[in-house]
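Per TrEMBL, the features are as follows:
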- 41-471: domain 'Amino acid transporter transmembrane' (DOMAIN)
- 48-69: transmembrane segment (TRANSMEM)
- 75-98: transmembrane segment (TRANSMEM)
- 173-190: transmembrane segment (TRANSMEM)
- 196-220: transmembrane segment (TRANSMEM)
- 288-309: transmembrane segment (TRANSMEM)
- 329-350: transmembrane segment (TRANSMEM)
- 388-408: transmembrane segment (TRANSMEM)
- 414-433: transmembrane segment (TRANSMEM)
- 445-468: transmembrane segment (TRANSMEM)
Amino acid sequence: MAVHDGANNKHEVAVAPMEVSVEAGNFQEADRLDDDGRPRRTGTVWTASAHIITAVIGSGVLSLAWAIAQLGWVAGPAAMLLFAFVTYYTATLLAECYRTGDPDTGKRNYTYMDAVRSNLGGAKVVFCGVIQYSNLVGVAIGYTIASSISMKAIRRAGCFHTNGHGDPCNSSSIPYMILFGVVQILFSQIPDFDQIWWLSIVAAVMSFTYSSIGLALGIAQTISNGGFKGSLTGISIGADVTSTQKIWHSLQAFGDIAFAYSFSNILIEIQDTIKAPPPSEAKVMKKATSVSVATTTVFYMLCGCMGYAAFGDAAPDNLLTGFGFYEPFWLLDVANVAIVVHLVGAYQVFCQPIFAFVERRANAAWPDSAFISRELRVGPFALSVFRLTWRSAFVCVTTVVAMLLPFFGNVVGFLGAVSFWPLTVYFPVEMYIRQRRVPRGSTKWICLQMLSVSCLIVSIAAAAGSIADVIDALKVYRPFSG
């Protein structure tokens, strides 16, 4: 796996277990290695599921009520079920591409780019890398902003409780972004994906915590209202909403739901943490994907639909920080703390592939450099001067960009729109066709191409909606105005 390269470059050359000399006293060493000569992977269906849930159930679940409000009771839930199926199906295609050739003994592809290189090659590898890593950097910046919004909401909830709802309770989010950055510098020293399984499990538990609180508050509000709000077609065009706004917001909502399930950009990296066959990594990953997508869909449907039922057309873009609810303020605080803890783990899940990519390239360029290779292990941390310097610099840059561009969440929406089709649909479909030699013009080939084209249209439409949002945000933009 790519994320092992930094600390374990001494195992870079593949070593077949039978080739290791017992006489040389290396038998125990061989027992600790996988078929590619790298440290034995220990991941299971449950750790893989935790990684996926941490990546997928982001705080975006709390904005699904707003998305359903744009689309209505018919199109909203239908879009959720449709994209749950699309994500699951294309993820199963991508899982088949972890090994090239035999599913049990074929050459491993440690990263998404490696899989594209092995199956497609050429300019598509560069295109994949640019899209994948731009998206991951964008997500890191977006999570920094999202965490500061939740931390600020904790302060505002207490202020509203003390001073009443008429007090604006304004404060800057910049100190909270700095605090989040400091925490990430610490956790970024964990060397690789395989060793953040515990952080993913904590983050997954936190995601269920705040989702459940949002769901419970939505149910309580619906009961208080005496029934369900909302309509079959969503927000009506009128004095507050023009037909143009309705179109843009509907496109954006459709895109938000599509991207809410996306985790393909880190699927291969997660699969590379799974222990060696039997069963094959692909079978384990498919099971983890089914567990994760089913779990995610249930929570998305419950949280989105109950939020819309509670607020109707007035559903806020975030149930817990948009102050659709003011009381009980302590419960809102618990939920927002859970969001922050979840984002700490999710940031690492998305950034580990970036760290691995840079460190692998550095190891290849300067294999004898002590600055890059020498390290000191302290518990789960593997401290090296290069890792400490580069990862800390990355976190600092993403934090500064978050402070400089407080509307970057809209940019993340655009990056999500642009990356959804190539990473979630196009590359998995094309690699599957190539690997399984699906005949051109066959029924299966035509169906796969129709799926790809349909999702391309969704990506383009959602990107257009996101661009409109970014333009609106630029009109009132002030640097460091968070």
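Placed from the backbone N, Cα and C atoms, the Cβ positions cover glycine too.
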Hey, which bits of the same chain come close to the transmembrane segment (329-350), Cβ under 8 Å, at least six residues off its ends?
51, 54-55, 57-59, 62, 136, 139-140, 143-144, 146-147, 150-151, 153-154, 157-158, 160-161, 180, 183-184, 187-188, 190, 193, 196, 199-200, 202-204, 206-207, 209-210, 213-214, 217, 266, 320-321
Need a quick answer: max count of Cβ pairs under 8 Å to the transmembrane segment (196-220), which of 48-69, 173-190, 388-408, 414-433 is it?
48-69
I'm a bit unsure how to read this: which one of 48-69, 288-309, 388-408, 414-433, 445-468 has the highest number of Cβ pairs shorter than 8 Å with the transmembrane segment (75-98)?
288-309
Please report, as numbers and ranges, the same-chain residues at least 6 past the borders of the transmembrane segment (288-309) whose CB is under 8 Å from any CB of it.
45-46, 48-49, 52-53, 56-57, 61-62, 64-69, 73, 76-77, 80-81, 84, 87-88, 91-92, 95, 208, 211, 214-215, 218-219, 222, 228-230, 260-261, 263, 267, 270, 315, 319, 324
